[in-house]
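Some features that Swiss-Prot has for this protein:
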type	residues	note
BINDING	Glu109, Gln122, Thr123, Asn124, Asp132, Arg133, Glu134, Asp198, Trp199, Gly203, Arg278	xyloglucan binding site
DISULFID	Cys227-Cys236	disulfide bond
DISULFID	Cys273-Cys286	disulfide bond
CARBOHYD	Asn113	N-linked glycosylation site
SIGNAL	1-20	signal peptide
Amino acid sequence: MGSSLWTCLILLSLASASFAANPRTPIDVPFGRNYVPTWAFDHIKYLNGGSEIQLHLDKYTGTGFQSKGSYLFGHFSMYIKLVPGDSAGTVTAFYLSSTNAEHDEIDFEFLGNRTGQPYILQTNVFTGGKGDREQRIYLWFDPTTQYHRYSVLWNMYQIVFYVDDYPIRVFKNSNDLGVKFPFNQPMKIYNSLWNADDWATRGGLEKTDWSKAPFIASYKGFHIDGCEASVNAKFCDTQGKRWWDQPEFRDLDAAQWQKLAWVRNKYTIYNYCTDRKRYSQVPPECTRDRDI
C-alpha cells in the first residue's frame, strides 16, 4: 500500500473516533477587534475588510502584530497560510508571552525551507524564564496552499498544542514535580514574520534568498476566547467557570492521545525529552506528558 494512501486511511480512522474534549471552534471577527500592529505597519496588508491580513518580509524588515489584551488561560487560535516557495531563512510565528524578565511563553514557530523541502514546526514552552523544551515535527500537509488552524488550549491542568483538530503536544502541570507551570502571569498573543537565517534553516547553513522577496504569510480568524486580565493580575476572576476549566479539558481522552501518538510516531524529528546528549536525565515533566 502506498505511503500516501496509508496516511489517508490513518487520518480517516482517527477522525472517525469519538472524543468528548475538543476545543470549541473559534468564530470569525475582523483583525481590529482584538489585535494591533506592532512594527513596520506598511508591511501589513488588509484584505476583505480586515477579516484577513498578510505580513510581508523584505530585506529591510519583517512585521508583526499583537493582541490588545492580556490573558490568563483560554483557547487561542489563528488560521495561517505560510510563505510559499523558497522560504529558507524565514520564521513565521504565533505565540503567547508575558512581559517580565522571568517570563512565560508558549510558541509555534514555522521554520522555512528551500522549495520542495518541508516546513518544520517548532514548539517550545517557557516557564519562569526557562525554555529549552523544543520539539520539532514535519506537517502532514502543505501549509502554504490553504489555511490551517493552529491553537493552544491553556488551563490550570495542561497546555495543548493543536494543528487543526490534532493535538501535537501536551505540557502538563507538573508543579508537584518541581517544574514551573504558567498560571499567574497574563500573556499577550503575538504573530510575526521575520528573517532568522542565522539559525532557522539547517542551523543557519541556508540563507534567505532576497531575490524571492517579498515573502508573504497570511492570517485570519482573529477571535480570542480567553480570560482577559490586566498585565499585573495574578488570577482570572472567572477561574473555574469557563468551558476550558471543565473536567473534560483537564486531560486528553483516548482518541486524542491516539492522534497525538500518530503525530509523534510519524512526524517527530526532534524532542528534547529524548535528547540524552543535552539532558543526561529525563526532564521530570516528560514522563507525565508521555513524551518518552
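Glycine is treated like the rest: Cβ placed from N, Cα and C.
Recorded features from Swiss-Prot, shown on the structure.
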residue	record	Cβ contacts under 8 Å, 6 or more apart
Glu109	xyloglucan binding site	Val91, Thr92, Ala93, Tyr95, Leu121, Gln122, Thr123, Asn124
Asn113	N-linked glycosylation site	Ser87, Ala88, Tyr119, Ile120, Thr201, Glu206
Asp132	xyloglucan binding site	Tyr272, Arg278
Glu134	xyloglucan binding site	Gln122, Thr123, Asn124, Tyr270, Tyr272
Trp199	xyloglucan binding site	none
Cys227	disulfide bond	Tyr71, Leu72, Phe73, Gly74, Cys236, Asp237, Thr238, Gln239, Arg242
Cys286	disulfide bond	Cys273, Ile292
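Cys227 (disulfide bond) falls within a strand segment according to DSSP.
Most Cβ neighbours within 10 Å among the disulfide-bonded residues Cys236, Cys273: this distinction goes to Cys236. The record assigns Glu109, Gln122, Thr123, Asn124, Asp132, Arg133, Glu134, Asp198, Trp199, Gly203, Arg278 to the xyloglucan binding site, and the maximum Cα to Cα distance across that set is 21 Å. Ranking the binding-site residues Thr123, Arg278 by the number of CB atoms within 10 A of their own CB puts Thr123 at the top. Under the DSSP three-state reduction, Cys273 (disulfide bond) is assigned to helix.
Classification of Glu109 (xyloglucan binding site) by DSSP places it within a strand.
Reduced to three states, the DSSP call for Cys286 (disulfide bond) is helix.
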